[in-house]
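Novice: Below is one structure. I have some questions about it.
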Amino acid sequence: MHWLCDGGQSGGCPCCEDVLHGSTSESPPRKFAENYGSRANPHIIEYGSNTLKSNAQIAARFSVAPMMDWSDRHCRYFHRLMSCHTLLYTEMVTAPALVRGGAVHLLDYNVEEHPVAVQLGGSDPKELAAAAKLCVERGYDEVNLNVGCPSDRVQSGTFGAVLMRDPCLVADCVAAMKDAAQDIEVTIKCRIGVDDQEPEVILPDFLEKVSAAGINRFTIHARKAWLQGLSPKENRDIPPLDYPLVHRMKTAFPHLHLSINGGITTLNETCAHLDVMDGVMIGRAAYHDPATVLLNADQAIFGDTTPARSAHEAVEAMYPYIEARMAEGIRLHSITRHMLGIFTGRPGARKWRRILSEGATKPGVGVALVAEALSSVPEHIPAD
Ligand SMILES: Cc1cc2nc3c(=O)[nH]c(=O)nc-3n(C[C@H](O)[C@H](O)[C@H](O)COP(=O)(O)O)c2cc1C
């Protein structure tokens, strides 16, 4: 186990697991090719009248959160099949793992995932700059710095949420990353504070100091991290959410692009936050119930008029990807474990999950198992 790993408390360690193997798969998600397909490094696209914005900034109106062990490349590919426009974040990859450990394979991803942002962990400006450069060379659309992860191991390495105490160091880090990343946007994901800090006081100070280093985009998880006594999992639920505070930050810093994160589970809630905020990030709900969160996101959030895929269509669209990855030696379960929640709340959902959970680790299984599981879920829900 790598020294940064928190023993699986937060759900995995990007330094220890081969979580981001990359490749180019054969079946691009629908519409992807129209937007990005012919671009080698498509980080700038034209949007609206004459405005040029990075595709990551446009997509940041709605994003799926970085989640260790969950938002790996298979998961992101599946999510991309449900939404073409949503910004997808990788799991956190630590700068030491990339720069000192040479684990650049952690940056591998499927080209269809664009717009895709990579999240880095670290607190050494030089090391973060070197890591950011590697990310840019790989063609990521955004490089994000983790200032929110409360894991003990992360604290001991001065990573993550503990950096809320040192905005000047964060400013130095992002300034160095920005220099290295050139025209690729560097962003921050942070909390409203840690431990006994007073969020109303420290959050504006943090935004002021870090934005002075040239950072314009922040995602704020609307709760504190308590660095002593709570596990990373508890730190995602127990400290209370303070949405009004985050909304006030948008009023106080109208020139910054601010996204809100934490406890948001539906597109209706998302739209309500978007009345105030520039962006919304969803984590657990997107993973556990991707159909509710993602299938209509392009239409509801980005005004796309293309009809949304159905959940069945999204599953079927995974078949070529599954076959291609399995031909490379990846186990079926590594992919299907991210698909278990697609029918949450629907008749047949339990059987779908059971067939995949019990069957996908067995030798010799493949797409036929997924098709069998899919046949247990009625495609059309009968009207009452
Ligand atoms: C399994 C898991 C792993 C996570 N890993 C990361 C991570 O690597 N980096 C990070 O900034 N946040 C991480 N988070 C926190 C999420 O990005 C998000 O901030 C948090 O879950 C709150 O959003 P939600 O209520 O929409 O889930 C993780 C969350 C979960 C559930």
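Our numbering is plain: 1 for the first residue shown, then up by one each step along the chain.
Keep in mind that glycine also has a Cβ here, set from the backbone N, Cα and C atoms.
Keep in mind that TrEMBL annotations are predicted by a computer and have not been checked by a curator.
TrEMBL lists C149 with the feature active site, proton donor. What TrEMBL lists as FMN binding site is P66, M67, M68, Q119, K189, H221, N261, G262, G263, G283, R284. Summarising the annotation, TrEMBL assigns domain 'DUS-like FMN-binding' to 64-365. Marked as site 'Interacts with tRNA' by TrEMBL: N146, K233, R236, R350, R353.
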Novice: For the recorded positions M68, N146, R236, R353, which residues place their CB under 6 A from an atom of ligand 1?
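Specialist: M68, N146, R236, in sequence order.
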Novice: Quick one: of N146, R236, R350, R353, which recorded sites lie within 10 angstroms of G263 (FMN binding site), measuring between C-alpha atoms? Sequence order, please.
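Specialist: For G263 (FMN binding site), the recorded sites whose Cα atoms are within 10 Å come to R236.
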Novice: Near R236 (site 'Interacts with tRNA'), how many other Cβ atoms are within 10 Å of its Cβ?
Specialist: 20
Novice: Report the member of K189, K233, R284, R350, R353 (the recorded positions) whose C-beta atom has the most other C-beta atoms within 10 angstroms.
Specialist: K189
Novice: List every residue in the same chain as P66 (FMN binding site), at least 6 positions away in sequence, whose Cβ is under 8 Å from its Cβ.
Specialist: Y89, T90, E91, M92, Q119, N144, N146, K189
Novice: Any idea what DSSP makes of N261 (FMN binding site), helix, strand or coil?
Specialist: strand
Novice: Can you figure out which of M68, K233, N261, R284 (the recorded positions) comes closest in space to R350 (site 'Interacts with tRNA'), comparing Cα atoms?
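Specialist: Closest by Cα distance to R350 (site 'Interacts with tRNA') among the recorded positions M68, K233, N261, R284: R284.
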Novice: I'm trying to understand the geometry here, so how far is the Cα atom of R353 (site 'Interacts with tRNA') from the Cα atom of N261 (FMN binding site), in Å to the nearest whole number?
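Specialist: Spelling it out, the Cα of R353 (site 'Interacts with tRNA') and the Cα of N261 (FMN binding site) are 28 Å apart.
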Novice: Please give the average pLDDT for the domain 'DUS-like FMN-binding' (64-365) in this predicted model.
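Specialist: Summarising the domain 'DUS-like FMN-binding' (64-365) by its mean pLDDT gives 96.
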Novice: Compare all C-alpha positions of P66, M67, M68, Q119, K189, H221, N261, G262, G263, G283, R284, the record's FMN binders, and send over the largest distance in angstrom.
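Specialist: That value is 20 Å for the farthest Cα pair.
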Novice: Can you tell which of the recorded positions (N146, N261) has the fewest other C-beta atoms within 10 angstroms of its C-beta?
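Specialist: Result for the recorded positions N146, N261: minimum number of other Cβ atoms within 10 Å at N146.
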Novice: Would you say which of the binding-site residues M68, G263 has the most Cβ atoms within 10 Å of its own Cβ?
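Specialist: Within the set of binding-site residues, the most crowded position is M68.
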Novice: I'd like the number of other C-beta atoms within 10 A of the C-beta of C149 (active site, proton donor), please.
Specialist: 26
Novice: Where does K189 (FMN binding site) sit in DSSP terms: helix, strand, or coil?
Specialist: strand
